[in-house]
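*Asks:* Before I ask anything, here is the structure I am working with.
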Amino acid sequence: ALEPLSVGLAIGVASALTGYLSHPRFYCSYVECCPRAGQRLNATALKAQLDNRLFGQHLAKDVVLKAVLGFSNNPSPKKPLMLSLHGWAGTGKNFLSQILAEQVHPAGLRSKFVHLFLATLHFPHHDQVKLYKEQLQNWIRGNVSACPSSVFIFDEMDKMHPGVIDAIKPFLDYYEEVDGVSYRKAIFIFLSNAGGDLINKAALDFWASGKRREDIQLKDLEPLLSVGVFNNKNSGLWHSSIIDRNLIDYFVPFLPLEQRHVKMCVRAEMAARGYAVDEKIVQEVANEMTYFPKEQRIYSDKGCKTVQAKLDIHEDF
């Protein structure tokens with residue numbers, strides 16, 4: 001028979017070991033956990049990522065950095081953070097959303113707390129809008145219940161059927177709780193090409209008037225975007241109650257990229273592939289891109305979207 005002292009010691013050791021293994025700090029080093037309440041973003045790390053990886057978007061970097069850090073540092077926000085990113089393809093909208101997701105949840109898009117919706121994949125059929133709205137509400141409710149600081153990214157908003165996105169309006173509004181769940185710590189991000197033409201025209205007008213691209217301010221574009229997207233029948237936000245109720249915190253414009261920005265993308269891609277940066281190749285790839293206006297060749301009409309493919313044909317260098 002075991003002596004009482006031995007049994008007691010064994011139970012004590014087992015309890016201590018169980019307590020250690022179940023401690024959040026230990027457990028979360030092996031299994032992804034939702035950030036603790038009050039945990040703040042690393043402002044220095046976020047700024048460094050935006051400075052080093054997002055090129056030619058001074059407006060987007062400034063607005064998003066201030067908005068996200070202000071939201072993170074607020075112990076009691078009144079509503080979730082809602083950002084709507086607009087601009088032509090290849091200007092960095094997806095890139096910025098990925099950077100932001102990585103700062104909130106280190107696993108980024110692989111995190112179980114970061115959710116990416118593609119309009120053409122997840123909401124393809126016009127006659128299923130009612131079903132999509134129900135599914136979307138249930139999905140968001142379940143995931144925010146599991147992690148209050150969940151991140152939801154809706155890509156291809158310009159291809160989403162009007163009305164679908166209004167399903168999330170109750171979660172974005174100024175409610176303390178909806179059916180017992182608080183959404184105030186969540187982040188919602190829309191990505192859209194809608195409004196890109198308005199942004200590009202404004203950038204060209206600045207150029208034509210002799211002003212620097214870096215002098216464009218948010219106030220020059222945000223009112224145009226909010227009205228333009230609301231009245232755009234080809235946008236998932238057409239006559240949306242989300243805009244009508246002023247629930248989007250910022251309409252973030254992504255400016256068209258100049259050749260110097262395209263070169264930055266080429267250098268970054270070469271470095272990512274482990275190559276020494278060859279300025280001759282950088283110039284060749286930049287020259288192969290197409291620009292507008294056709295005569296002046298001021299802005300890349302695809303941003304940096306085709307840089308990887310263009311660089312592939314120079315692999316033998």
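Backbone N, Cα and C atoms are what each Cβ position is placed from, and that goes for glycine too.
TrEMBL feature annotations, pasted as is:
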BINDING   G87, W88, A89, G90, T91, G92, K93, N94  ATP binding site
DOMAIN    257-312  domain 'Torsin-1A C-terminal'
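Describe the structural context of these features.
*Replies:* Same-chain residues at least 6 positions away in sequence with a Cβ under 8 Å from that of N94 (ATP binding site) are, in sequence order, D155, L191.
Mean per-residue pLDDT, taken over the domain 'Torsin-1A C-terminal' (257-312), amounts to 94.
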